[in-house]
Amino acid sequence: MADQLTEEQIAEFKEAFSLFDKDGDGTITTKELGTVMRSLGQNPTEAELQDMINEVDADGNGTIDFPEFLTMMARKMKDTDSEEEIIEAFKVFDKDGNGFISAAELRHIMTNLGEKLTDEEVDEMIREADIDGDGQINYEEFVKMMMAK
């Protein structure tokens, strides 16, 4: 399954994996998974976190290593995000609920995820997704960006 991913996707997932793997030991624990989920506005129970890990923990050692993470991501990409999930994600980014994601909101979320981005990088992300050129991302643009992965 993971062999259907492009090199670019694998590189992106490696980056995401390192965001989760806070102590850099090459595995994601329930604690690390919980930290990231909470920074995204989710509030999973310990049992839910354990279930998420068990789902992809091929060798049964209680943590997720990178190959297991890749398999999970490949699976997730196959059953592409439901519209509901995309709406939820949009709401997480759209802090003030005005229907747009501003550069400030994007920067805030990325910083929460542990991504220290320069203003240029944030502006570049906005520019890439900002089809109508108004300097912010509306829902349609967000959906296109999410589906383009």
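Just so it is clear, glycine is given a Cβ too, placed from its N, Cα and C backbone atoms.
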In Swiss-Prot, Ca(2+) 3 binding by ASP94, ASP96, ASN98 extends, among GLU88, GLU105, to GLU105
For Ca(2+) 1, residues beyond ASP21, ASP23, ASP25, THR27, GLU32 with C-beta within 8 angstroms of the site's Cβ centre include exactly PHE20, LYS22, GLY24, GLY26, ILE28, THR29, THR63
In all the protein chains shown, the tally of other Cβ atoms within 10 Å of the Cβ of GLN136 (Ca(2+) 4 binding site) is 19
In three-state DSSP terms, THR27 (Ca(2+) 1 binding site) is classed as strand
